[in-house]
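Since the structure comes first, as structure tokens, the remarks are kept for the end.
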């Protein structure tokens, strides 16, 4: 194992983490402000990817597609919030789980209705094609670096939004005391819709970015959703900072586990079996990490004020 | 004097028995199979209802126990068929009652491990962590090569029960039906017991329970383990119904479906899971026959039930639940 | 289901001529028509129905139902088709895990099962059954062909597959024929969508060739990411990695990829040309390999039904085994374990008139059977 390979794997872990952060930030924001658990967040990710692919195919531009994905996911989020979600704020988590589970079924089948059963085509824009050299003589895809950069920008933007704007002030107020903010004369219904649409747009953005290097297909949001849950549970539900650190931890752990565990097993058993057993162990690794963290800190690494 | 709820319950139980008997007499064995499916899913959901309905523990990972029960049946039957010893030189078996005991014990032990960690958390954390543990078991089953991995495990001949021809759909249905009634009876006993009161009290007011000297953690853990055992038993029956077990029994969709059954029927209700299972299987069957887009409409119906028909089917038929 | 039944009847009543069978025949098709894997099931159904329609036969009914890629649902549908609809033959399942849930118990109940795709090793060897036929291949075949091809051009291969039985069969099949050195043998998670960690290992491995078996969305993701990685090692795989259902989604990243297959749209025989023209006319798209396999499965059933009654299992099975059909694949006959003996070709992804498709390069195997047939005692 060379230093160059280790560096490349570390970047891969970072990139996966950044992508998970985009998903987890929306989830945790929605939970922090409204106390809502949203299983359909992965569906919004899917909406973003489909909107980007369809628009890019129509206009020929990935960038227009990316804008479309933000608009489509935010709009889908706003509509869902207005029609369904706002009836769920004062319900218990059980009803929320169930209603958003029902939404997943509807979104998945609905997308198939609109776009058919075959995966859609979405390619990386020409500007971000290819790979650049890294120190150590290896190369790294420009697009993955772009994802890392985009994620960092979003994280910074969220920080500015929450710490420096009126909307951010209301979000912080909503996180610490939900009744109080209503009493202050803030239009809480509009605030909730805006926050939900913002979270949805983040998910849609992630879907579009990732859709260009993955398969744009029905059900693509579900594996990511579960990883994002692991992220926010580790980080502390409701905490954006926790989501960022949790996402990076999960991204790096998962990537390094997939890379190193089979090699570790190969010290003990023949290569073919080492691959299988190592692979099996790697797929469970992040859940084990999560269990250990929760056993020590039941409310995650950075517990939010309430939850 | 029967209360309205008890009357509805009685009708439900009688219908579940009458339909397969009639279908069998009319030479329509498929409806017997469908009724068996309802009975098994109802048993699994009754197990979950102990944790969720009584204890307020929203476990989003009960598919783990359901699947573990299924794998207990599949693995024991495979070894019973091949004659290879299982562990410590112990043989497999095709005797249902042995399989049931193993399924219940293993599901209980795994439930103890998962519960011991998960119950340190609460609320949304609990939902997420149970989901994550189930995913862990799921990925393990998919990638562990010995018992079929993703392909699952076939049970070529349904396991045996002394004195019963289990391959006959009606006989197997009757076994499942009796076990379901026992499961529901057990639920009723627990609900009325001191332990059940403590479990429900821990849901409603944790502090008050703690002040009277009961430790909510232990009460909940006990409830969670019993719940896991019952769902595990249902899993073993489900494997025998399909003569097949696969990781999809462990998937998070399965966990979601079990919750759906309870809500459809009415949370915390004695016969809620049965009402929910009957409704769900009927929806699936009827919608699947009408349109390829049935999952969309299933979602829509669920949504409407959650938003507007709180209390589920039993809430509609028998009025509000007695307990909160 | 009723709607589909009606459609099938309509399609049949539109045709004018038709041979009468010894006895009416009822076929139950269980395939994946919803969810992420629906594309494969739709091609299966369409290929199958094309052959039925072309035959113009009125004595045949096809009942189609969606399994949503769930084994439990597939079992439930199979029970219903056998117990309620009383079908004679089951067919259509795409996935090995669903097939393992349905086929053994279907044949145990005396029904024929003709597989249009899934072909696990478990049903090809000692557990073969005289009521179970496979019209597609044996799961290992296309991987074996790539192993044989790799011998000709490569010395150090990096091989990769998902960590599930079909993935293990794949790499086992590849290694059965490949004699060179292995740079690494990697198993990835089922449904994995990011392959950066594996691509980094490929770059560092010093391999001169890469073999991947990643069906469906996994393959799409891998190929797109590989194209961006700057790694310049040739990629090859079994036919389904570059089949018509995934090519449009991979895009130009697939150009030049070598694969093995028993059919490609450029096959120069009458049956293939007719199939291609009919399929495009009927459905307005290029057929995938799944459509061809299902088309042949239907042809096989039709050929047997014309000569024997399905109620006479021995006679019907014997007629099926004769494989008296004109397959678009060319040579086609059954092995003793009732899996195909057929030619396997090397194909390459090209762009023709702006559409990505597979071009035949050379023949790898002639009359290729499988490694399990010797254990089958029928």
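Glycine is no exception: its Cβ is also placed from the backbone N, Cα and C atoms.
Per TrEMBL, the feature transmembrane segment maps to B:37-57, B:64-82, B:97-117, B:124-147, B:167-190, B:221-239, B:259-283, B:295-318.
A contact between the transmembrane segment (B:167-190) and the transmembrane segment (B:124-147) is absent, since fewer than 3 of their C-beta pairs, 6 or more residues apart, lie under 8 Å. Sequence-distant contacts of the transmembrane segment (B:37-57) (same chain, at least 6 residues past either end, Cβ-Cβ under 8 Å): 16, 65-66, 119, 126, 173, 176-177, 179-180, 183-184, 187, 190-191, 196, 199-200, 202-204, 219-220, 223-224, 226-235, 237-238, 241, 257-259, 261-262, 265, 267-269, 272-274, 276-278, 280-281.
Residues 57-64, 67-68, 71, 74-75, 78, 110, 114, 117-118, 153, 247, 250-252, 255 of the same chain lie 6 or more positions beyond the ends of the transmembrane segment (B:124-147) yet place their CB under 8 Å from a CB of it. Remote same-chain partners of the transmembrane segment (B:221-239), defined as residues 6 or more beyond its termini with a Cβ less than 8 Å from a stretch Cβ, comprise 40-41, 43-44, 46-52, 54-55, 57, 59, 62, 65-74, 96, 99-100, 103-108, 110-112, 114-116, 118-119, 155, 175-176, 179, 183, 186, 190, 195, 199, 245, 249, 258.
With a threshold of 8 Å between CB atoms, the same-chain residues lying at least 6 positions outside the transmembrane segment (B:259-283) that come near it are 5, 8-9, 12-13, 16, 34, 37-39, 41-46, 48-49, 52-54, 58, 60, 180, 184, 187-188, 191, 298, 301-302, 305-306, 311-315, 317, 321, 323. Sequence-distant neighbours of the transmembrane segment (B:64-82) (same chain, 6+ residues past either end, Cβ-Cβ under 8 Å): 44, 47, 91-94, 98-99, 102-104, 106-107, 110-111, 114, 133-134, 137-138, 141, 147, 152-153, 155-157, 159, 227-229, 231-240, 244-245, 247, 249-250, 254-255, 258.
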